[in-house]
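Below is one structure, written out as structure tokens; the observations come after it.
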Amino acid sequence: MKPSPDERREARRTLATSAYSADMIRSLEQPFLDDGVPLMRIAAGSLASVADVMLTQAGMEPAEARIVLLAGAGNNGGDGLYASADLAGHGADVTVVATGRSLHQGGLDALLRAGGVVTALDPQAAIPGCEAPTGPDQASEELDQAVDLCRQADLIIDAMTGIGLKGALRGIPAALAAELGMESGLPDRPAWHYPAGQNGPLVLAVDTPSGVDIDEGTLPGAYIPADVTVTMGAMKPCLMLPPSAYVCGRIVLVDFGFDTSALVPSVSCMNAEDCAGLLRAPRVDDTKYSRGVVGLVTGSALYHGAGLLSSRAAASGNVGMIRYCGPEQVGNLILQELPETVLGRGRVESWVLGSGVPTRQAQEAAGPEGQDGQRDLIADILNRQAADLDEDDAAADPPVVADAGALDLLPDRLGPRTVLTPHAGEMAALLNSHGENVDGDQVMAEPLRWAVRACQLTGATILLKGAITLVVGEDGTDRPRVMTTGFGPAWLSTAGSGDVLSGTIGAMLAQNAGPIQDDATLMVDLTAAAAFLHGLAGSLASGGRQTGWEQPLIFDPRKPQDFADLVAEDNQPEGQGVVAGHMGQPIRAGQVADALPRAIGLVMSRAEGAAEQIDQSIQDGDDASQFFENSSLWF
Ligand SMILES: NC(=O)C1=CN([C@@H]2O[C@H](COP(=O)(O)OP(=O)(O)OC[C@H]3O[C@@H](n4cnc5c(N)ncnc54)[C@H](O)[C@@H]3O)[C@@H](O)[C@H]2O)[C@@H](O)CC1
Ligand SMILES: [K+]
């Protein structure tokens, strides 16, 4: 039976927001290969179509383009060879640089038939019809020539390694990547997508950029950042996780029709529809109490503003009420801006702790001025969480968000109903207090590894902030649940943004108090949903389309023309190429909190099928319009 439009939309959403490990990808491919489905040819056709679109959008004539294919010895090279054969068949000038000792035979035959030429860089290469360098001197000369050739090309197709990469690139692929791409670290360029190929050849990565670690999402050595990555069949973790996802450019997913229903993804990405399902709709019999109450122990005698910002976000986050606990002068400040606030303790459905509260060290350094009781209250609430666990009654007390100054007050053991929201430096301190030896830079370089480790060591749900934010926690299985959200502009890295985030998470938890009591695995989704809303609010406030991560465009190999149309639509306002976007304007944290109700309203009304309303507000020139007009937020 043909799937309904809703089923198709759902399948595409799963495809775009779920990443599977290299092993799982192979298990998904296998039944197709067993049935003789020519996946490689389909992959290659899709690659050639995307290459065509990239060149055309950059103002070039594909039939006259100079294309260099960097081809490894594996099937990733095979994909590239067949694609290049297609492009050469249409007139492009194609040179293949073989980076291994052999090439995929079928791909090579096709390429040669289409008039492509092959250069081998490895003296031990045995490639029919192609001479290998005779010694190290000639090999190094050939390597230099290949680098020059690449630099002068219109398009580089990077097919050195895909899911078969083991460890960091070595040998010739490493040398090429170091010359043409990066030896380590991230490229020094703005977060917003710039027009592809502006400062050199366009780069199209086959399946994954060569050199990124597929399952961990790290950059273990040299790699080539891509303008566009065309990935086959399903998303891989490296295309969603920081830092590797930052170097994939625009992602295009070729839909082979894999059946992923039996697999739990390694990484999932929070998205508008799932977020909508986690927001509690107000009911006719609601009271301010039934909609959830957030308690905040944030702000301090030393830092007043964080108390206000976290309160502002919590009060704007779809709850019935907030209670603020803290120094009188901060309470007064909050009341001036948020007269709805109730001061002092009482029944709450979630706690937000520690934003704007000094660490022990900072408080000691401040002397008597820093003494305000906030840390004692936080320690008390956190210790109750630990006691609940000891008494086997984990849900006895409300869930907690522990930020900043709460992070050095954690008891030894916490449960998933406590969310920790460290930045990289705080994460390193947290890990070190549990016996690891790591600094903030190492956390940034291997965020998944360290977030998983922090989750194992503390038992808590971990949110690690970044342009792509990572959430790791309990999944009820032997593997952790890993979610990302890269939705939101890099403008969000501004003072107070974290305070707004902690308040937003608190609101998300309070409105879901009941479901959380029954199911702690919801904590990851709710935390990621709050981060998603925080990003969306940032986008609305900044009026731009720039995001840390964008959902892949889906390429249906049976309908290549649809893709060309999709891309044309995707880029209409700027017309600057597949990865064009526009940057919006700088924002302050308070503006993010103030945009939160609008973000929530948009997400909720869309879920109820009120698409027309949003479209109308776009046409009416509402300031959300630019953002939604061409966003791939919805499916
Ligand atoms: N099996 C199939 O028919 C399909 C395969 N596909 C493609 O095949 C790829 C996987 O192919 P393979 O399993 O052959 O693996 P790859 O082609 O991804 O990688 C294997 C090659 O990489 C080299 N290599 C591995 N680690 C290296 C390192 N550290 N430094 C330098 N070189 C290194 C190996 O020597 C070998 O030449 C996918 O990424 C995808 O592009 C897709 O086309 C889907 C269909
Ligand atoms: K590749």
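Along the chain as shown, the residues are counted starting at 1.
Quick reminder: no glycine exception, Cβ is built from N, Cα and C everywhere.
Within 10 Å of the Cβ of Gly77 ((6S)-NADPHX binding site) there are 28 other Cβ atoms, across all protein chains. Under the heading (6S)-NADPHX binding site, TrEMBL lists 75-79, 162-168, Asp207, Ala306, His423, Asp499.
Listed in sequence order, Ala159, Met160, Thr161, Gly162, Ile163, Gly164, Val206, Asp207, Ser210 are the same-chain residues at least 6 apart in sequence whose CB falls under 8 Å from the CB of Asn76 (K(+) binding site). Here TrEMBL flags Asn76, Asp158, Ser210 as K(+) binding site.
For Gly466 (AMP binding site), the same-chain residues 6+ apart in sequence whose C-beta sits under 8 angstroms from its C-beta are Pro242, Ala424, Met444, Pro447, Gly548. The feature AMP binding site is assigned by TrEMBL to Lys465, Gly466, Ala467, Ile468, Thr469, Gly498.
Summarising the annotation, TrEMBL assigns domain 'YjeF N-terminal' to 25-264.
If you look up TrEMBL, you'll see 271-603 marked as domain 'YjeF C-terminal'.
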Model confidence over the domain 'YjeF N-terminal' (25-264) (mean pLDDT, whole number): 95
Close-lying binding-site residues around ligand 2 among Asn76, Ile163, Gly167, Ser210, Thr469, where CB distance stays under 6 Å: Asn76, Ser210
Cβ neighbours of Ile468 (AMP binding site) where a neighbour is any other Cβ within 10 Å: 26
Alpha-carbon distance [Asp158 (K(+) binding site); Asp79 ((6S)-NADPHX binding site)] in Å: 10
Cβ neighbours within the same chain of Asn75 ((6S)-NADPHX binding site) - under 8 Å, at least six residues apart: Met40, His104, Gly162, Gly164
Spatial separation of His423 ((6S)-NADPHX binding site) from Ala467 (AMP binding site) - C-alpha basis, Å: 11
